[in-house]
Amino acid sequence: MKVVLLVCLVWMMAMMELVSCECWSQADCSDGHCCAGSSFSKNCRPYGGDGEQCEPRNKYEVYSTGCPCEENLMCSVINRCQSA
């Protein structure tokens, strides 16, 4: 029984690590992603594609609701990525 519980615990920890991509800053995220979210829960998210939610780029690289758009797209006044 102890072995089964240990295996389940290790499996759950491994799954949480795979799913969670928490970040503290842009440097924690891979290419094509930004660090976005609330002060307490930031995650690496992909840059916005055409028609997706976005936030304009800023010099501090701090984003709360979404990432900037992918290259060749711009974030419109309604916070959606569109062709530049």
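Using the three backbone atoms N, Cα and C, a Cβ is placed for every residue, glycine included.
Annotation comment: Swiss-Prot describes 1-21 as signal peptide. Per Swiss-Prot, disulfide bond is recorded for C23-C35, C29-C44, C34-C67, C54-C75, C69-C81, and the stated evidence type is similarity to another entry.
Ranking the disulfide-bonded residues C29, C44, C54 by Cα distance from C69 (disulfide bond) puts C54 first. Taking the C-alpha positions, the distance from C35 (disulfide bond) to C44 (disulfide bond) comes to 5 Å. Looking at C81 (disulfide bond) and C75 (disulfide bond), their Cα atoms lie 5 Å from each other. Comparing the disulfide-bonded residues C23, C34, C44, C67, C81 by how many other C-beta atoms lie within 10 angstroms of each C-beta, the top residue is C67. Annotation: C67 are the disulfide-bonded residues among C23, C29, C34, C44, C67 whose CA atoms are within 10 angstroms of the CA of C54 (disulfide bond). The two recorded residues, C75 (disulfide bond) and C44 (disulfide bond), show a Cα separation of 19 Å.
Candidates C23, C29, C44 (disulfide-bonded residues) were compared with C67 (disulfide bond); those inside 10 Å Cα-Cα are C44.
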